[in-house]
Amino acid sequence: MKRENHSRVSEFILLGLSDQPEQDRLLFLIFLLMYLITGLGNLLIILAIRIDPRLHTPMYFFLSNLSLVDICFTTTTIPKMLVNYISGNKEILYISCVTQAFFFLWFAGLDSILLGSMAYDRYMAICAPLHYTMIMTPRVYVLLVAVCWFWACANALTHTVLLTQLSFCGHNEIPHFFCDLGVVIRLACSDTFINDLVIYTMGGLTALIPFIGILISYFHIFVAVLKIPSAYGKRKAFSTCGSHLTVVCLFYGTIIGVYFNPTSTHTAQQDIASTVMYTAVTPMLNPFIYSLRNNDMKGALRMLLLRKPGFSL
Ligand SMILES: *[C@@H]1O[C@H](CO)[C@@H](O)[C@H](O)[C@H]1NC(C)=O
C-alpha cells in the first residue's frame, strides 16, 4: 500500500442528526435522557446480579458483562454528541475520530459476540444439562468472556490501523453523529480496497458467526423444548431464553437493516435512524427486557432497591 501524507485533514466535522438548530435542543434532551436511563438501568442489573448469590451462574455472568459493554458502548458515542450539541461546535480531531471508531467497533463487536455466547450457553443448559454443569465452571466462563473481549479488541484494532493508513484531503464532513468506520472510509481520497475487503471478511465474520450460532442454538432449543412433556417445564425453559431472543432480534434486526440492505432502497437518513436504534435504543432497552420478563432478576432488583442501608456489596 502506498503511504501518503494524511496530515492534510487534521479534524472532521460531525454533521449530526439534523441541520436545524431548533431540533438540536430537543435531540439533546432526548439523548441525554436515553443515556442516563441506559447507564442507570444497566448499572442496576450489574449490582443486582452481584448481590444475589442465586444469580451467580454463567447466564447472569454473561448478562452482567453485556450490561457493562452496553454502558461502554453508549459512552463512546453519546457524550461526545451531547457536548457538540451544547457547544455548537461540530468538530472532532482526527485522532479523537480514530479513537472513537476503535472503541465503537470494539464494543459493538463485543455485544455481538456476547449475544452469541449467551445463546450457546442457553443451548448447552437446555439440551445437555449434565454436560453443562460439568463444563461451565466459573473458571471456564470467566475465561470465555475474557476471550470475547480479546477477539473483539483485535478485530477493532485491525480496522482502526487500516483506517489510519488512508489519506484524507479536502472532504472532512461526516454525515453522521459519530465516527462510524464505514462512513469515515468513504471520505478518504486514497484507495480503500483493502479496508473494504477486511470489513467484509473480518467484520462480517464477527457479526455473522455469532448470528449463525444463535440461529442454530435456538433451533435446537426450540426442538428440545417442544419435546418437554409438561406445560410448566416448557414455560420455564422458554422464560429463560425469551428475553435473550428479544434482545438478539432488536440488535441484529437493526444491524442487518443498516449494513446488509441494497443501497438503492434506503437513504442516509434511514441508515442513521437504524444506527440510533442499535447504538442507543437497544442498550437502553436491554435491562428492561431482562428484568421485566424474568422473576429471578425481579427478585434480585427488589433485594437491591429495598435492602437496608449499610449492607455492603
Ligand atoms: C466481565 O468479564 C470480564 C472477563 O471475564 C471480567 O473480568 C469482569 O469482571 C466481568 N464484568 C462484569 C460486570 O461481569
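The count begins at 1 with the first shown residue.
Glycine is treated like the rest: Cβ placed from N, Cα and C.
Features reported for this protein in TrEMBL:
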type	residues	note
TRANSMEM	26-49	transmembrane segment
DOMAIN	41-290	domain 'G-protein coupled receptors family 1 profile'
TRANSMEM	61-86	transmembrane segment
TRANSMEM	92-120	transmembrane segment
TRANSMEM	140-158	transmembrane segment
TRANSMEM	197-225	transmembrane segment
TRANSMEM	237-260	transmembrane segment
TRANSMEM	272-292	transmembrane segment
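Across 26-49, 61-86, 92-120, 140-158, 197-225, the stretch most heavily in contact with the transmembrane segment (272-292), judged by Cβ pairs under 8 Å, is 26-49. Counting only same-chain residues 6+ beyond the ends of the transmembrane segment (140-158), those with a CB under 8 A from a CB of the stretch are 58, 61-62, 65, 102-103, 105-107, 109-110, 113-114, 117, 121, 198, 202-203, 206. Restricting the average to the domain 'G-protein coupled receptors family 1 profile' (41-290) gives a pLDDT of 86.
Listed by sequence, the residues of this chain that lie at least six past the ends of the transmembrane segment (61-86) yet keep a Cβ under 8 A from its Cβ atoms are 14, 16, 24-25, 27-28, 31-32, 34-35, 38-39, 42-43, 45-46, 49-50, 92, 96, 100, 103-104, 107-108, 110-111, 114-115, 117-118, 121, 138, 141-142, 145, 177-178, 279-280, 283-284, 286-287, 290.
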